[in-house]
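Asker: I'd like to ask you about the structure that follows.
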Amino acid sequence: MAGVRVTKVDWQHSKNGAAHHTQDYPCSELVVRRGQLFSLKLGLNGVLESEEALIFTVETGPQASEALHTKVIFQTAELEIGDNWSAAKEEQTENSLTVSLISPSNAAIGRYLLSARASSRRKHSDRKLGEFVLLFNPWCPEDDVFLDSEEERQEYVLNDSGIIFRGVEKHIRAQGWNYGQFEEDILNICLSILDRSPSHQSDPANDVSHRHDPVYVTRIISAMVNSNNDRGVIQGQWQGKYGGGTSPLRWRGSVTILQKWFKGRCKPVKYGQCWVFAGVMCTVLRCLGIATRVVSNFNSAHDTDGNLSVDKYVDSFGRTLEDLTEDSMWNFHVWNESWFARQDLGPSYNGWQVLDATPQEESEGVFQCGPASVNAIREGDVHLAHDSPFVFAEVNADYITWLWHEDEKRERVYSDTKKIGRCISTKAVGSDSRVDITGLYKYPEGSRKERQVYSKAVKKLLSVEAWGRRTRIRRVSGRGLWRDDLLEPPVKPSITGKFKVLEPPVLGQDLRLALCLTNLTSRPQRVRVNLSGATILYTRKPVAEILQESHTVRLGPQEEKKIPVTISYSQYKEDLTEDKKILLAAMCLVSKGEKLLVEKDITLEDFITIKVLGPAVVGVAVAVEVSVVNPLLESVKDCVLMVEGSGLLQGQLSIDVPSLQPQESALVQFNITPSKSGPRQLQVDLISSKFPDIKGFVIIHVATAK
């Protein structure tokens, strides 16, 4: 008997998509999540007898095998939720049969081929039904990525836009970012990123078999989002020169970057910096079903040698000596956190895991970082995988300033202006506000517990286990430095100093500040003040010197004096980078050899206002009004508004702005037609060759059409 044949399949896209929270993926294939039931309606050329079973085969990857669990053969029976694929017959008509299938909650994610045959038919007569995509499932309690909060799942898995915090500790700015994980082709691109990894290229069968594990998958993605060791997505550039590519600050989201990489045959996209790497990795991991958020750390240490100190060398004007300074403290650094269980470490380390795609240091010979358990960082367990010592240093290292003398001697300088790891920030669940999560990474600064954790971490860092090999610390003085070997902190000087901003620092205008010095003693003091100023990148790397002057100040007992500091627009306009940052330094040389370094990071302000003129409804055009201002004291002719927003308009919109006279404002109107309901982010940037991009965004609540 030939037996009943399967003739066609109805993938039940709408029903399965709603149940699996995958209805927003625009691809033609069915997208479902592991560990959860889904239904198919099969067309048959007859009626399947009650005792007859359907035999299914699922396989993923180019060399699928039962031994590696990338190929599984199973048949309809009682539905079982467990370690194996399972299927059951549900409802039968004359020419169709509805079946329910369920994958194990630890199945490898990726694209699967599904085949089926009736048990009465001979082997090798399977009918290929087509392909479907299986994702991680934060809704499934048995999945390692399970997240037990619907509000958080909506934010960290399904929200396709977000906010990245940038700036400086005292002046944190919000920047909109379009993750766009549900845009055309993005799921396919995210799966192809896994297939382009060196692990897959060298051993595809083994690589695919490990895709059940979020630790493995996220580590691969952290390497593949940068292009340093592979044909990864983004090429980093921190020199302030972006010829042959796009400035990192010009990107408004991940979609254009991922599409450009894919269409360009996996040629790295130029250029990215930390928030771009983090924005793209957030897109990829949310797309694959792992709850992920973007995190900003202000005053972030880049400790190149693992001695838990950032050693900065300066001259007598407080200027950074770049050829001697290997470590750095960035104004901010942006990474990701993803939520999953750590089967490799134990339940104490479940929860948020740090992942960082910015290529800073190699890990196991590759520019990748994480996953490092946030709980492990807070408890000082820096011996645990992966890259915990580096992340611990980013939020805990000491910032030490050395004055370098011409005779090649160095002297530690008192500086209390900088603390590492401040205002660690992420977007709030369900709103645009900033949440400070510093307490997840460390105990309160200066507390007994914080000092105990720090000592514990130092001991573990000195052990071979933390790094896999003993690391010799090379320093310009020619001797190794570990935290315990550092000189005692210099005696606190008998004066204090602080820069005060007298007027808000606005792009295109002169900067007015004062250096306020206070004598803490009851005797007169004479202070030599060497002032310097430089335009900088957000990594605090100097670009160009714009100020150098010296003053001698006499301070009476307990007296405070102000030294006015003015930097004209003409002094900084040619050398200001797109980061819009300036670093001021004052080296104060007090009698008896006391030295005090005072520093101030300044971010220049700019303004753009966006208004939606009416209710926003799916399928109905609505006007948007943007107010822009020419920040300069000269006219500009070449301004353009660049507009982007998932679910609000297709691709990007470019709008020419009329010529603007010095400091003139203008209103620009355009229409958008929303295609998706719910909260949607519209980004609008004012772009000109005469000044750095001015960025703005607004959240628009789109209603469904009645």
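Cβ coordinates are placed from backbone N, Cα and C, and glycine is handled just like the others.
These came from TrEMBL, pasted as-is:
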DOMAIN    266-359  domain 'Transglutaminase-like'
ACT_SITE  C274  active site
ACT_SITE  H333  active site
ACT_SITE  D356  active site
BINDING   N396, D398, E445, E450  Ca(2+) binding site
Asker: I need the nearest neighbour of C274 (active site) among the recorded positions H333, D356, N396, D398, E445, using C-alpha distances.
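Answerer: With Cα distances computed to C274 (active site), the winner among H333, D356, N396, D398, E445 is H333.
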Asker: Taking just the CA atoms, what is the gap between H333 (active site) and E445 (Ca(2+) binding site) in Å?
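Answerer: Each residue's Cα considered, H333 (active site) and E445 (Ca(2+) binding site) end up 20 Å apart.
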Asker: Using other CB atoms within 10 angstroms as the count, which residue among the recorded positions D356, D398, E445, E450 scores least?
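Answerer: Checked D356, D398, E445, E450; of these recorded positions, fewest Cβ neighbours within 10 Å: E445.
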Asker: Rank aside, I only need the closest one: which of the binding-site residues N396, D398, E445, E450 has its C-alpha nearest to that of D356 (active site)?
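Answerer: It is N396, whose Cα lies nearest.
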Asker: Which residue counts does DSSP yield for the domain 'Transglutaminase-like' (266-359) in the helix, strand and coil classes, in that order?
Answerer: 18 helix, 40 strand, 36 coil
Asker: Which chain-mates of N396 (Ca(2+) binding site) that are at least 6 residues away have a CB under 8 A from its CB, listed by sequence?
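Answerer: Non-local contacts for N396 (Ca(2+) binding site): A301, L308, I420, G421, K442, Y454, A457.
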Asker: Count the Cβ atoms, other than its own, that fall within 10 Å of the Cβ of H333 (active site), considering every protein chain shown.
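Answerer: The Cβ of H333 (active site) has 27 Cβ neighbours within 10 Å.
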Asker: List, in sequence order, the residues of the same chain other than N396, D398, E445, E450 whose Cβ lies within 8 Å of the centroid of the Cβ atoms of the recorded Ca(2+) site.
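Answerer: Near the Ca(2+) site, the remaining chain residues are K419, I420, G421, K442, G446, R451, Y454.
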